[in-house]
Amino acid sequence: MAIQTSNLGYPRIGLQREWKKTLEAFWSNKINEEQFLTTMKEIRLQHVKVQQEKGIELIPIGDFTYYDHVLDTAYMLGFIPSRFSEFTSYLDVYFAMARGSKDHVASEMTKWFNTNYHYIVPEYEEGLQISLKDNRPLRLYEEAKQELGVDGKPVILGPYTFLKLAKGYTQEQFATILKQLVAPYVQLLSELHAAGAQIIQVDEPIFASLTKEEVQQAKEIYEAIRKEVPNATLLLQTYFDSVEENYEEFITFPVSSIGLDFVHGKEGNLNAISKYGFPADKTLAVGCIDGRNIWRADLDEVLTLFTTLQKQVQTKDLIVQPSCSLLHTPIDKTEETHLSTELFDALAFANQKLEELVLIHSALTQGTESISNELETYRNVHHTIRSSAARNREDVKAARTALKEEDFSRPLPFEKRYELQQVALKLPLLPTTTIGSFPQTTEVRQTRKEWRNGIISNEQYEQFIEKETEKWIRYQEEIGLDVLVHGEFERTDMVEYFSERLAGFSFTKNGWVQSYGSRCVKPPVIYGDVAFINGMTIKETVYAQSLTEKVVKGMLTGPVTILNWSFVRNDIPRKEVSYQIALALRHEIELLESSGIRVIQVDEPALREGMPLKEKDWDAYITWAVQSFLLATSSVANETQIHTHMCYSNFEDIVDAIRALDADVISIETSRSHGEFIDTLKHTTYEKGIGLGVYDIHSPRVPSKDEMYKIVEQSLQVCDPKYFWINPDCGLKTRRTEEVIPALEHMVQAAKDARSLLKTNA
């Protein structure tokens, strides 16, 4: 039996975030196009070289991107919206689609399945000419071959997943458009095969959640492609879950290899193989190392998996690989020497995961005795972290055991609470607010860096934060906002900030992963039991409230978002970790309330993204996710108004869950998705406070008052004005002051115009 090592994708951002810095330098005209392309090529080839040096045999080519791999595919296939037709150069068109411009609205951005990565949503328009506009995978394949002598494995997004992720067509049009994709995919694969590509990875993550009819439709497309490209060696790659429900049909697809996730879809995929076997004429690519988390693998467990598979699989070949692209993990743990030994030893970032693949390959080809020392080391590491005091806190266990049913609900129903809140808060019809953060200017970031490096004192840093807070309180008053925020100038990241102040968390120095475009985040590490230590937001929020007669919102990140945006310990269920976080936040919320804060926002932008891919698994997740939010927020008085915020979600799937959160007000991203949630509300009712975002904060353009008024007008057709709020899509941290102030002025004016119209029509 031939066994090879393979990788599905490598992190793009560079060990020191060189990729991010190059992008932003190009966008700000600090480097020209030639310099940009040269530097990007250097980064791209360096990533290939690292994988080569680590001993990976099938190295992914084409996973590298200037922004997003789905956007790459859209451009490659000619899915370019007509509003960008005035742009002529590749990069101008590409980045206009991704980011928008002064006069052009960007394409929508949303979450990549149930991860924290965002992709640009492809747009289909009537009359679109679908063709292979640019064979980028071929260029990159030839580049790696010529520059490094690497005969790589081209990676492309499959036609079915691509079109399922796209928007702009009716369901009736889907089959027709899908057939139109056959020709460009045939050309793409033919040219790669002709250039010498030995194996081509075709990613179809959507296959984990298809109906029987969709599977048959997908199979017909692959049969049409295979008919035209009979000799290309295709690896049909699935990930993020099992394909158990349709496995029997999948293994008959006309491809040479099938990649399955044996981490996040282990039970389902093993059940399917046990029941139906695996074709002897196909290669099984075994996703055995977790590509979405940062913990060392349990090598004994992985080797047991292969023992099981080798008994049930008749194929002559196997591929050892991660469960998915390593895009979702930091690059290398070697710089994290500040961590405790027990935690550092338990980690495995992308480069360490590549080393684990090679270890497994050695054990499978040379016997386990060839890695006996490494196996012993791994066993000791796992024993140490499992028995750690941080993972066995008696106070946390006692608090969990003591929970009662009444801890998960507010005393009064929403309608009665809202009446009391209106009396207490005295807000106008259609109140205006922002989502929480204001621009983190160069000065803010530089001052924080100086403080962290000990260049300025705690007192100097606190004075600076107070100065920024007061400045933006005054801005908000002048603009005319109704509910203000303190601006979050003390926070780098909405999750990292809390991780640094709760027991059970740790944080890395260089554990960056890509979120969207050049935006990178450094997820905290939940390694132990989570517990409250001291107040986390009290000082800044109370100070902001002391500066104004207007209401100031307390700002917290919710338990499910903290969970979903962290690297989470894998020794207990995620539900239990979420409840631990909720109990800690409950304490903080009670402190805010007792300090005089009457509106408290608990953001849950990641609630939807944590949902399992399969609908049959949704209810269990939604139940504990909602319970976590209720546990955090239900101990406040009826007069205290609880807000929450969500973004980047397919909300139609979770309207009932949103309702069950029982938040007094929810703000939701609306403008970037071109009013999608407004359409959802046409078919259901939402009888609580709601704010539908009136402008896209991810684009530098300042929308006009009329644009925002139009969204307000559309929203009021499906929302009760009595409960309607007006706000941006998301926080304003990444925008510049000169963009934020006029945009908020336009928003407030749109609100005033809407109020006037409502009064006139009353």
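Counting begins at 1 with the first residue displayed.
In case you wondered, yes, glycine gets a Cβ from its N, Cα and C as well.
Swiss-Prot lists His698 with the feature active site, proton donor, giving sequence analysis as the kind of evidence. Taken from Swiss-Prot, the feature 5-methyltetrahydropteroyltri-L-glutamate binding site covers Arg17, Glu18, Trp19, Lys20, Lys111, Arg519, Cys520, Trp565, Glu609. For Ile435, Gly436, Ser437, Glu488, Asp603, the entry in Swiss-Prot reads L-methionine binding site, with the evidence type sequence analysis. Swiss-Prot lists Ile435, Gly436, Ser437, Glu488, Asp603 with the feature L-homocysteine binding site. Residues or ranges marked as Zn(2+) binding site by Swiss-Prot on the basis of sequence analysis: His645, Cys647, Glu669, Cys730.
The shortest Cα-Cα distance between Asp603 (L-methionine binding site) and any of the binding-site residues Arg17, Lys111, Cys520, Glu609, Cys647 is the one to Cys647. Same-chain residues that are not part of Ile435, Gly436, Ser437, Glu488, Asp603 yet have a Cβ within 8 Å of the Cβ center of the L-methionine site turn out to be Thr434, Val485, Met494, Met555, Gln601, His645, Cys730, Gly731, Lys733. All protein chains considered, the CB of Asp603 (L-methionine binding site) has 25 other CB atoms within 10 Å. Around Ile435 (L-methionine binding site), the C-beta neighbours below 8 angstroms that are at least 6 residues distant in the chain are Val485, Gln601, Asp603, His645, Ser667, Asn727, Pro728, Asp729, Cys730, Gly731, Leu732. For the recorded positions Arg17, Lys111, His645, His698, the ranking by surrounding Cβ atoms (within 10 Å, all protein chains) places His645 first. For Lys111 (5-methyltetrahydropteroyltri-L-glutamate binding site), the nearest neighbour among the binding-site residues Gly436, Cys647, Glu669, judged by Cα separation, is Cys647.
Spacing of Arg17 (5-methyltetrahydropteroyltri-L-glutamate binding site) relative to the residue listed as 'active site, proton donor' is 20 Å (Cα to Cα, whole number). Note: Gly436 (L-methionine binding site) has non-local neighbours Val485, Glu488, Met494, Lys553, Met555, Gln601, Asp603, His645, Gly731, i.e. same-chain residues 6+ apart with C-beta under 8 A of its own C-beta. Cβ neighbour count for Cys520 (5-methyltetrahydropteroyltri-L-glutamate binding site) (all protein chains, 10 Å cutoff from its Cβ): 20. Rounded to a whole number, the C-alpha distance linking Cys647 (Zn(2+) binding site) with Glu609 (5-methyltetrahydropteroyltri-L-glutamate binding site) is 10 angstrom. When other Cβ atoms within 10 Å of the Cβ of Cys647 (Zn(2+) binding site) are tallied across all protein chains shown, the result is 27. For the pair formed by Trp19 (5-methyltetrahydropteroyltri-L-glutamate binding site) and Glu669 (Zn(2+) binding site), distance between Cα atoms is given as 28 Å, rounded to the nearest Å. On a Cα basis, His698 (active site, proton donor) lies 19 Å away from Glu609 (5-methyltetrahydropteroyltri-L-glutamate binding site). When the Cα of Cys520 (5-methyltetrahydropteroyltri-L-glutamate binding site) is compared against those of the recorded positions Ser437, Glu669, His698, the shortest separation belongs to His698.
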